[in-house]
Amino acid sequence: MSSPEKVEPQRAILESFANPNPQRDYEIDMHCPEFTCLCPKTGQPDFADFRITYVADEKCIELKSLKIYMWSFRDRGAFHEAVTNQIMDDLIAVCDPRYMQVQGAFYVRGGITTTITVEHHKERSTEA
C-alpha cells in the first residue's frame with residue numbers, strides 16, 4: 001500500500017488526441033462509476049463514483065487510457081481529497097483544458113459519505 005501522504009501518479013498511462021473542434025467550446029462529461037482505492041488508515045477498499053466534466057482546448061482525453069488510469073488506483077492507499085486532486089492534476093497535465101471539474105463521490109464508510117469537487121479554469125490571454 002502506498003504512503004497516505006502522496007498518491008503515486010500513473011500519469012504516463014493517460015493519452016490525448018487532437019480536439020476535432022478546437023474553435024468551439026463544448027462540454028465533455030465522463031462518468032467513472034467503478035473507482036476503487038484503498039483507505040490509507042485501514043487498508044480497506046474505498047469505492048467512488050467519479051464524474052469528469054471538461055471543455056477541451058487543443059486536446060481531448062482518450063477514454064480507454066482514462067479507464068486504465070482510473071483502475072491503476074485499486075491497490076493504492078489514498079485519502080479522498082488527495083486522490084481527487086491528483087486525478088485533476090494528471091488530467092490537466094495531459095490535455096490542458098479550458099475548464100475542468102472532477103467530482104469524486106465516495107460511498108459510505110462508517111456511516112459517512114464524502115464528495116470531493118475540484119475545478120480548474122484556464123487563464124486566457126488578454127492580449128488583442
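Cβ coordinates are placed from backbone N, Cα and C, and glycine is handled just like the others.
Among the features that Swiss-Prot reports, active site, thioimide intermediate is placed at Cys39, with the record citing sequence analysis. When other Cβ atoms within 10 Å of the Cβ of Cys39 (active site, thioimide intermediate) are tallied across all protein chains shown, the result is 16.
Summarising the annotation, Swiss-Prot assigns active site, proton donor to Asp46 and lists sequence analysis as the type of evidence. With a cut-off of 8 Å between CB atoms and residues at least 6 apart in sequence, the same chain places Thr36, Cys37, Leu38, Cys39, His80, Phe106, Tyr107, Arg109 near Asp46 (active site, proton donor), listed in sequence order.
His80 (substrate binding site) falls within a helical segment according to DSSP. The substrate binding site annotation in Swiss-Prot covers Ile61, Glu62, Leu63, His80, Glu81, and the record cites sequence analysis as its basis.
Using a 10 Å Cβ-Cβ cutoff, His80 (substrate binding site) registers 18 neighbours. Around Glu62 (substrate binding site), the C-beta neighbours below 8 angstroms that are at least 6 residues distant in the chain are Leu14, Glu15, Ser16, Phe17. Here the binding-site residues are Ile61, Leu63, and the one whose Cβ sees the fewest other Cβ atoms within 10 Å is Leu63.
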